[in-house]
Each structure stands twice: as C-alpha cells, then as structure tokens.
Amino acid sequence: MVTLRLLMGVFGNLTSMFLFLAPSFTVKRIIKSKSVEQFSCMPYAMTVLNCLLYTWYGLPFVTQNNLLISTVNGTGAMLEFIYVLVFIIYAPKKEKARILGVLVFVLSVITSVALVSMFGVPVKCRKLLCGLVAAIFCIVMYASPLSVMRLVIKTKSVEYMPFCLSLFVFLSGTSWFIYGLLGADPFVFVPNGLGSVLGMMQLVLYAIYREKDMKSKKTVEDAGSSMDIDPENPNQKKQQDST
C-alpha cells in the first residue's frame, strides 16, 4: 500500500506538472494578440491559492509523509503566478483591477493560514485547520472553470476551453484522489474526487461541442465555396477545377 501510494504520488506530480504547463498555450496566444479575449483569469488565480495552501499542508511540520504534495504544488504556484501576471498586463483596466483584488485576497488567505496554524492553534490542530482550508479552496479551484463551461454551452464552441487543460484536470484530480484514498486523507481525496468528476464533465462537453464546431466550420466553408460560383454559369466550377 505504501509503495502504491508513492507511485500514485509520483504519477500525480507528473499529471499536475502537465496541468500547470497546459495554460502556456493560452498565455502564448494572449501575449501574441496582446489581449485576454474571453479567457478567464479566475481558474489561474484560484490555482495559485490552492497550490500555496497544499504546499503548506504538505510540509513536515503540518502533516507527515506528504512531501510529494509540497514539491509539485510549490512549482505549480510559481507557474500559475506567472500566468496571472500576464493577465494583469494584458487585461482591460476594469478587469485588471479585479484580478489585482483577487491576488490580494489570495496572498491574504495563505498568510493568515500560515500565521494562525503556526502561532494560533495547538500543533495537533494544524493538520485539521490547514487541510480544511486547503480542501475548500481546492474545490473552489476545480469549480472555477464552471463559468467557462457555461460559455461553451451558450456559444456552442470550445474555443475558450482548451482540451489539454481539461484532460489534465481529469488526470490530476483522479491520481490525487487515489493518492489521498490510499493514505486515508479526506483533505486530499474529497476535493480531488470532485475535481476528477468536473474534469470528466469538461471532456464530455469538449467531445459534444468540438464536433459541432467542426460541422459549423465545414458549413461555413461550403457556403463560401458555393458563393464563388455564378448560378447563371454552372460550368464555372468545372472551369475553376480544370484551372
């Protein structure tokens, strides 16, 4: 069981790293276009907070045998913070102020949790306090793409819900769910179990609306081709083909 848990922790590290790196394509698009378009910063801001909380939760003076949680989440916090900074640079003024407000909130929460857990509660209560807060915000992080899922259903387009991000939300949530289950740690397996379900829902939406996207684009292309043909000269297409 210990070996299996270790293997799931290593697999969780790998899938989480891919999850943290997946938004780099979106960030590259934002930098290239110098606009955040309709991409939401909330998933990234909530991921920063989630990573910071679980980095703290996994440290030896809070919980035992959870160092794998700290290593991957510490790296993830740095990457996600960079993504948030890109949003701040390229977002409109009104959106920029909102993102800065969320970032202040994130830093306030992790600072408060760290100080209270170290100086405000007994040592035996650290795991309960840090785990409870981390689990709550982990659920918030996994729920933050719900607005994007609503946009997908509304627009019938998956343009603003990248496939790689949805895939690794599912894989990461599943691996950490199993890791937490093997370690009998509800602060890990409960939120990640919900994350796995939400990730699966995103993949289902992607499968449904990706096909509709492709059909819609094909219809537009066919319409464009037909507009190039003069209805009074039906031989025009043949002439174009021979050319």
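Note: Cβ is positioned from N, Cα and C throughout, glycine not excepted.
Taken straight from TrEMBL:
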type	residues	note
TRANSMEM	6-27	transmembrane segment
TRANSMEM	39-57	transmembrane segment
TRANSMEM	69-92	transmembrane segment
TRANSMEM	99-120	transmembrane segment
TRANSMEM	132-153	transmembrane segment
TRANSMEM	160-182	transmembrane segment
TRANSMEM	188-209	transmembrane segment
REGION	219-243	region 'Disordered'
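Most Cβ pairs within less than 8 Å of the transmembrane segment (188-209), among stretches 6-27, 39-57, 69-92, 99-120, 132-153, belong to 132-153.
When Cβ-Cβ distances below 8 Å are used as the criterion, the transmembrane segment (160-182) is approached by residues 1, 4-5, 8-9, 11-12, 15-16, 18-19, 22-23, 25-26, 37-40, 142, 145, 148-149, 151-152, 188-190, 192-200, 202-203, 205-206, 210 of the same chain, each at least six residues removed from its ends.
Nonlocal intrachain contacts for the transmembrane segment (132-153), taken as residues 6+ away from its ends with a CB within less than 8 angstroms of a stretch CB, comprise 38, 40, 42-43, 46-47, 49-50, 53-54, 56-57, 109, 113, 160-161, 166, 169, 173, 186-188, 190-192, 194-195, 198-199, 201-202, 205-206, 209. Panel annotation: around the transmembrane segment (39-57), residues 20, 23, 26, 30, 63, 66, 69-70, 73-74, 76-77, 80-81, 83-84, 87, 91, 95, 99, 102-103, 106, 109-110, 113-114, 117, 127, 130-131, 133-134, 137-138, 140-141, 144-145, 147-148, 160, 187 of the same chain, lying at least six beyond its termini, place a Cβ under 8 Å from a Cβ of the stretch. Counting only same-chain residues 6+ beyond the ends of the transmembrane segment (6-27), those with a CB under 8 A from a CB of the stretch are 39, 44, 47, 68-69, 71-73, 75-76, 79-80, 82-83, 86, 162, 164-165, 167-169, 171-172, 175-176, 178-179, 182.
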